[in-house]
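Before any comments, here is the structure.
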Amino acid sequence: MITWSFIDLWRTSHSTLFQMTLATVLMAPVLGDCGPPPLLPFASPTNQLYESTTFPSGTVLKYTCHHGFKRVNSSHLSCDENGSWVYSTFCARKRCKNPGELVNGKVEIPSDLLVGSIIEFSCSKGYLLIGSATSRCEVQGKGVDWSDSLPECVIATCEPPPPISNGKHSGRDDDLYTFGSVVIYNCDPTFTLLGNASIVCTVVNRTVGVWRPHPPACQKIVCHRPQIPKGYLAPGFRQFYAYRDALEIRCKKGFILRGSSVIHCEANGEWFPSIPTCEPNGCTNIPDISYASWEGYKFPLRNFEVFEIGAKLKYQCKPGYRASLNDPQTVTCQENLTWSSTNGCERICCPTPDMEKIKIVSERRDFTGTCIYAYGDYVFYICNEGSYPMSTDGRSSCQADGKWDPAIPSCQADSGLQNRLALFTFPNISETNVTNKTYLFGHEENSTEHAMKGVCLKPMVINGNLSVERVIYAELENITIQCDPGYTIVGSPNIICSNRTWYPEVPSCQMEVLEDCRIVSRGAQLLHCLSSPEDVHRALKVYKLFLEIERLEHQKEKWIQLHRKPQSMKINRSFRLCN
């Protein structure tokens, strides 16, 4: 619309002013008219307007509500003096009826039930929707109604569960598998189930029933018993293990576990996590202490044993040895897994006798050690004229405490001893050589008588041999006895002449009888002629006694032969097995 101000009109030319005045006069009759009425979405004019384009002020038009709408106010439009159509909303949307309840489902109404509204349908879990999932409130004839009727919710069903190799499920072919149905799979013997043993009928995308999860598989799975040096299996062990079997692993004392203490047999036949190891957490390689033994251990300690940190081992020196000065005689396992140091054991020496006052007849000495005389060494000695040995037999031994027993080889004066001269030859016996020494005792008319008081007669050992064959043996002379083949020595093989007596006593040689072999041989023959095992047992006892008598008789005959006496008549004790 073009507007002009009053001042502008007076500034225009006379011709323009005339034209505007004329237009004002001509337009005066239509200043209050209205144009065509508005197009309403809910109503239309009742009467046809015949393409009228202008309506005078005060014109009233009647409207009719569209289908799906109903009148709620005056349905008139008025043209006011300003040339505008005046009206209020007089038609409202009609309402569809309530759709009702959906069995095993629900109806969702987003806003309202008025015409044009859309409602949605959904089924409960495990049910499938049969029908339309939505419905629209629309005009139908002169009224309104829903475009789609209520759908139906039916329970979902699944196909029969699939079979598996080397196994079966709990269902039957004629079963109806609905939502929530469960079947359980089992494997044949010696097969292991991989996966979930049970599957469930469920719904996917609200449209189809399927089994979830996927059926399991049956396979042969074997895990071998793990080898864990210095470790062991806590609950015991088997040679083979099946899928998902668990093992608890522990380490022996002195070792620490590196890795997981619990492992499981996996589907690939391997253990998971990986098999752990047992590593030393203590000291090994026990110190080798010469001339010592470990206290509290009956058998020698083994180097593969492991001792915990802080463990202490106490050792004892062997007889003839003692701990070094200020040594605690213990070793300790330290944090660096090594043993503390020790000085060990040192040899105990016996004092050396005064060689100017004694004469050694025989001795045993260890020439490889640091001592002249050490534990186990001994000497046989005589004294110079006018004295006699401190020990009764002229023998003294070096003891473990470093002292001589009975006393250090020495001599003491004999005021009643007369001069005697006797000449004897004694063996000087050592570990490496044997020589003869001559000693002067004195002389007298009866020197031979006195000398014979110190000799020994030849020992009689039946079925045995002497290392030195003589008729008589000198005082302090020692010999060795060895038995003939088939005989065993009973007693000490080494004896020494002391005060006209052999010390220790002369041993004997006893025959080695293989009684078991002879008894078994006889028993095999007895079984052929005796009726019962009890008779055989008694017969074997009698035969064993017969063998003992026969052995004693044999020894008696040999002794008689050696002493050149008339031989005894041998008794015939033949043992008849069967008549």
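Count begins at 1; order follows the chain as displayed.
Glycine residues also receive a Cβ, built from the backbone N, Cα and C atoms like all the rest.
Over in Swiss-Prot, the protein carries these features:
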type     : residues      : note
DOMAIN   : 33-93         : domain 'Sushi 1'
DISULFID : Cys65-Cys91   : disulfide bond
CARBOHYD : Asn73         : N-linked glycosylation site
CARBOHYD : Asn82         : N-linked glycosylation site
DOMAIN   : 94-155        : domain 'Sushi 2'
DISULFID : Cys96-Cys137  : disulfide bond
DISULFID : Cys123-Cys153 : disulfide bond
DOMAIN   : 156-220       : domain 'Sushi 3'
DISULFID : Cys158-Cys201 : disulfide bond
DISULFID : Cys187-Cys218 : disulfide bond
CARBOHYD : Asn196        : N-linked glycosylation site
CARBOHYD : Asn205        : N-linked glycosylation site
DOMAIN   : 221-280       : domain 'Sushi 4'
DISULFID : Cys223-Cys265 : disulfide bond
DISULFID : Cys251-Cys278 : disulfide bond
DOMAIN   : 281-347       : domain 'Sushi 5'
DISULFID : Cys283-Cys333 : disulfide bond
DISULFID : Cys317-Cys345 : disulfide bond
CARBOHYD : Asn336        : N-linked glycosylation site
DISULFID : Cys350-Cys398 : disulfide bond
DISULFID : Cys383-Cys411 : disulfide bond
CARBOHYD : Asn428        : N-linked glycosylation site
CARBOHYD : Asn433        : N-linked glycosylation site
CARBOHYD : Asn446        : N-linked glycosylation site
DOMAIN   : 454-511       : domain 'Sushi 7'
CARBOHYD : Asn465        : N-linked glycosylation site
CARBOHYD : Asn478        : N-linked glycosylation site
DISULFID : Cys483-Cys509 : disulfide bond
CARBOHYD : Asn499        : N-linked glycosylation site
CARBOHYD : Asn572        : N-linked glycosylation site
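Here the features listed in Swiss-Prot are placed on the structure.
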residue: Cys65; record: disulfide bond; Cβ contacts under 8 Å, 6 or more apart: Phe42, Ala43, Arg71, Ser75, Phe90, Cys91
residue: Cys123; record: disulfide bond; Cβ contacts under 8 Å, 6 or more apart: Leu102, Asn104, Gly105, Leu129, Cys153, Arg206
residue: Cys158; record: disulfide bond; Cβ contacts under 8 Å, 6 or more apart: Tyr177, Thr178, Phe179, Ser181, Cys201, Gly209, Val210, Trp211
residue: Cys187; record: disulfide bond; Cβ contacts under 8 Å, 6 or more apart: Asn166, Gly167, Leu193, Cys218
residue: Asn205; record: N-linked glycosylation site; Cβ contacts under 8 Å, 6 or more apart: none
residue: Cys283; record: disulfide bond; Cβ contacts under 8 Å, 6 or more apart: Gly254, Val306, Phe307, Ile309, Ala311, Cys333, Gln334, Leu337, Thr338, Trp339
residue: Cys317; record: disulfide bond; Cβ contacts under 8 Å, 6 or more apart: Tyr291, Ala292, Ala323, Gln329, Cys345
**OP:** Report, in whole Å, the straight Cα-to-Cα distance of Cys350 (disulfide bond) from Cys411 (disulfide bond).
**Re:** 18
**OP:** Take the C-alpha atoms of Cys278 (disulfide bond) and Asn196 (N-linked glycosylation site) and report the distance between them in angstrom, rounded.
**Re:** 36
Original post:
Do you know which of the glycosylation sites Asn82, Asn196, Asn336, Asn465, Asn478 has the most other C-beta atoms within 10 angstroms of its C-beta?
Top reply: Asn478
**OP:** For Cys333 (disulfide bond), just count the other CB atoms lying within 10 A of its CB, please.
**Re:** 22
**OP:** Quick one: pull the CA-CA distance for Cys350 (disulfide bond) versus Cys509 (disulfide bond), whole Å only.
**Re:** 37
Original post:
Could you give the Cα-Cα distance between Cys383 (disulfide bond) and Asn499 (N-linked glycosylation site), in whole Å?
Top reply: 16
Original post:
Where does Cys317 (disulfide bond) sit in DSSP terms: helix, strand, or coil?
Top reply: strand
Original post:
Roughly how many angstrom lie between the C-alpha atoms of Asn82 (N-linked glycosylation site) and Asn336 (N-linked glycosylation site)?
Top reply: 111
Subject >> Collapsed DSSP category at Cys96 (disulfide bond) >> reply: coil
Original post:
Given Asn478 (N-linked glycosylation site) and Asn196 (N-linked glycosylation site), what distance in Å do their CA atoms have, once rounded to a whole number?
Top reply: 91
Subject >> Spatial neighbours, same chain, of Cys509 (disulfide bond) - Cβ under 8 Å, 6+ residues apart >> reply: Val461, Ile462, Asn463, Gly464, Ile481, Cys483, Asp484, Tyr487, Thr488, Ile489, Val490
Subject >> Cys345 (disulfide bond), number of other Cβ atoms within 10 Å >> reply: 22
Original post:
Tell me, what is the mean pLDDT of the domain 'Sushi 7' (454-511)?
Top reply: 87
